[in-house]
Amino acid sequence: VAAPDLLDPKSATHNTKPRLSFSTKPITLTPREESEMVATVMKWKTVTAIFLLVVLYLVMGAAVFRSLEQPHESAQRLAILSQKLEFLSKHSCVNQSQLEELVKQVVSAIRSGVNPAGTLTNHSSLWDLSSAFFFAGTVITTIGFGNTSPHTEGGRIFCIVYALLGIPLFGFLLAGVGDQLGTIFGKGIAKVEKMFVHWDISQTKIRVISTLLFVLFGCLLFVALPAAIFKHIEGWSALESLYFVVITLTTIGFGDFVAGGSEIEYLDYYKPVVWFWILVGLAYFAAILSMIGDWLRVISKRTKEEVGEIRAHAAEWTANVSAEFKETRRRVSVEIYDKFQRAASIKRKLSSELGFSPAPELTLPRRTVSVNFNDERDKIERDAGLQGLTTPLTRNGGLYMNGLDPERGDISIIEHLK
Amino acid sequence: MNSVGKSWLLLTGLIVFYIIYLLFGALVFSTIERPVEEQLRRDMDALKQEFLNQSCVSAASLENFLVRVLTANKYGVSALRNSSVTSNWDLASSMFFANTLVTTVGYGHTTPLSDTGKVFSIVYALIGVPFTMLVLTACVQRIMYPLVIAPVCLLQRSGLEPRPATVVHFLLLLVLVVLCFFLMPAAVFSAVEVSWSFLDGLYFSFISLCTIGLGDFVPGMQPRQKYRPLYQVAVMVYLFVGLMMMYLLLRTFHKMSDLHGLTSFLQLPRCEDSDMEEEREPIVHEDSRTANNVTEKAASKPLDPGSQPSYNTINKG
């Protein structure tokens with residue numbers, strides 16, 4: 001398969017949410033030359049870690065396969081050996097070496113693609129034009145079933161040259177098809193999202209839902225439907241059909257099950273339709289895989305972002321709290337000042353009424369109080385106030401001694417300060 | 001012609017050319033292989049006839065027997081006397097199988113027989129294939145610097161223009177890869193495997209490293225192979241490193257064609273190295289409206305190189 005790009009730098013710039021990408025490109029991490037040189041040590045560690053993970057994954061798979069398959073294999077082996085013995089005992093005129101020879105010949109014939117079971121006449125060639133076309137297709141897409149393979153030297157050399165030119169060609173084609181597919185789906189999803197916007201659901205939810213819809217619809221069209229068709233035409237079980245679909249569309253292509261490879265009578269257009277399905281299905285799978293990759297990349301980017309955002313928010317919050325605190329202190333001190341002034345004036349009144357001379361009062365440190373309701377002057381005073389926070393400013397009738405009003409968007413000041 | 005129209009035209013042209021290419025390949029394969037097949041079929045019939053003539057076996061029971069032998073053989077179980085007792089599913093062979101699964105080579109010399117095995121294969125492949133791609137490209141990313149960028153810089157410093165420098169470097173890299181990953185392993189394989197010629201080894205290397213994996217040649221499948229587990233592990237390592245080098249080659253080729261303007265001519269997305277500028281932009285927290293606009297813009301301009309995610313290589317093969 002054209003290897004999907006799971007980590008694409010472009011997606012980072014376009015969105016804060018995962019973008020649906022339908023490209024068929026291999027995965028890359030951004031080549032940041034300068035930072036690469038600086039952080040080379042860490043990156044090698046990451047690669048080694050991932051590599052070890054892959055090895056672990058392989059070993060795990062090997063263990064599971066062994067435990068699942070070995071009993072079956074032993075059973076098969078026993079069965080065929082007993083078959084052989086039974087045959088030999090039933091037909092006493094055949095000695096073992098003759099049988100061995102026959103079996104060896106038969107097996108090598110099968111390897112060459114000729115099935116000796118059955119009669120000669122009703123065999124269709126494995127290399128008639130339509131089958132050869134199918135074989136060429138499997139080579140180019142790198143699926144490589146292997147149920148037919150070239151056996152002549154000339155055939156093999158030609159195969160090499162053919163693949164050398166054809167695989168990049170198919171790669172381009174897949175890229176183009178993937179793009180068109182992606183555009184179609186992208187438009188459809190944009191329309192769906194437009195519908196949902198009226199319902200006032202969050203953007204992320206819409207995006208997630210639309211992605212799921214895309215995946216499900218694609219699965220239905222490219223996986224479930226063909227599997228059902230194969231089950232019906234080829235006579236496989238449901239699991240075998242699904243297995244064939246997945247193994248083919250990931251371009252693994254074992255060849256134990258091949259659509260159009262059995263001895264059934266096929267309709268004329270069956271093989272070309274299968275080939276077309278492979279083409280589009282490959283594009284779909286590549287799109288899915290690159291979408292997963294996009295998500296991975298955006299998740300890693302978003303995590304970084306969010307961590308950064310959290311830090312920024314925390315700093316903001318701390319600044320807010322300290323501003324509030326300072327303000328409360330000032331407000332309290334102003335209130336005390338106010339009360340003191342009032343007490344002093346009452347005292348004066350009383351004393352004047354009673355004929356006492358004004359007593360020396362405790363004077364609070366002088367503060368200039370300026371009342372202004374003009375934002376511009378506010379700003380200027382605010383800026384001026386930044387230098388020395390002792391200058392009180394008033395706004396909207398209130399007294400704020402340090403000029404920072406959290407309710408009025410002093411975040412910007414805090415940002416400016418930062 | 002506007003950009004969208006041009007892209008559709010290019011795509012149709014590409015598809016038509018692709019079909020022609022397939023037809024051409026079909027014709028050639030057919031002409032080369034068909035006579036050989038006919039001959040083999042005639043030989044088989046003669047063999048069967050000969051066997052039946054000289055024995056008391058009836059045609060029906062022979063057919064029956066053959067069908068069973070062939071079914072067993074399809075699953076890798078040989079009915080021959082001198083076939084090795086070693087299983088196809090011991091740990092090393094299972095690992096080899098798992099490796100062919102995740103690298104998508106898929107020889108098919110052994111395939112899961114049980115239903116559970118098939119289900120597990122599906123799940124394992126669906127997770128393992130992207131995972132392997134990730135690892136391979138991450139590795140390629142790391143070795144890109146010492147193997148590509150540094151030599152190109154070196155070449156440029158020694159007086160070449162940028163464009164010829166990249167071409168020269170690419171050719172050198174190509175020669176190196178062919179020597180180390182095709183010719184040398186072919187020689188090794190033809191020496192180790194009894195029945196393989198040099199051409200067979202070369203054919204095997206090529207078919208495996210392009211992940212086609214037809215399966216007509218699989219190393220280590222002979223009876224009484226010495227050090228079979230070690231051999232299989234070595235082949236696995238060779239496959240992995242070889243795949244990495246193929247990716248590297250393709251990536252270098254793509255960057256080179258970027259430089260020479262091929263990708264914009266063919267309306268293909270560019271190598272994402274050229275998008276480093278955009279990556280350095282601060283990621284602005286857009287509100288929903290602008291995000292929608294961006295999506296629609298991206299959706300309506302499918303092949304505009306600036307708006308598409310870039311490809312660093314088109315195909316892993």
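Backbone N, Cα and C define each Cβ position, glycine as well.
Curation plays no part in TrEMBL annotations; they are all automatic predictions.
Since we're looking at a predicted model, the values are computed, not measured.
Per TrEMBL, the feature compositional bias 'Polar residues' maps to B:307-317.
Per DSSP, the domain 'Potassium channel' (B:85-143) is made up of 41 helix, 0 strand, 18 coil. Summarising the annotation, TrEMBL assigns domain 'Potassium channel' to B:85-143 (among others).
Look at TrEMBL and you will find B:178-255 (among others) tagged as domain 'Potassium channel'. Confidence for the domain 'Potassium channel' (B:178-255), expressed as mean pLDDT, is 87.
Taken from TrEMBL, the feature region 'Disordered' covers B:276-317.
Annotation source TrEMBL lists transmembrane segment at B:6-32 (among others).
Annotation comment: TrEMBL describes B:122-155 (among others) as transmembrane segment. Same-chain neighbours of the transmembrane segment (B:122-155): 98, 101-104, 165-166, 168-169, 172-173, 240, 243-244, 247-248, 251-252, 255, 312, 316, counting only residues six or more beyond its ends whose CB sits under 8 Å from a CB of the stretch.
Annotation source TrEMBL lists transmembrane segment at B:167-189 (among others).
Sequence-distant contacts of the transmembrane segment (B:201-218), counting only residues of its own chain at least 6 positions beyond either end whose CB sits under 8 Å from a CB of the stretch, comprise 100, 103-109, 181-183, 185-190, 193, 239, 242-243, 246, 316-317. Positions annotated as transmembrane segment by TrEMBL: B:201-218 (among others).
Beyond the ends of the transmembrane segment (B:230-250), by six or more residues, the same chain brings 92-93, 95-96, 99, 103, 105, 136-137, 139-140, 143-144, 147-148, 173-174, 177, 180-181, 185, 192, 205, 208-211, 219-220, 313-317 to within a C-beta distance below 8 angstroms of the stretch. Annotation comment: TrEMBL describes B:230-250 (among others) as transmembrane segment.
Break the domain 'Potassium channel' (B:178-255) down by DSSP state and the numbers are 55 helix, 0 strand, 23 coil.
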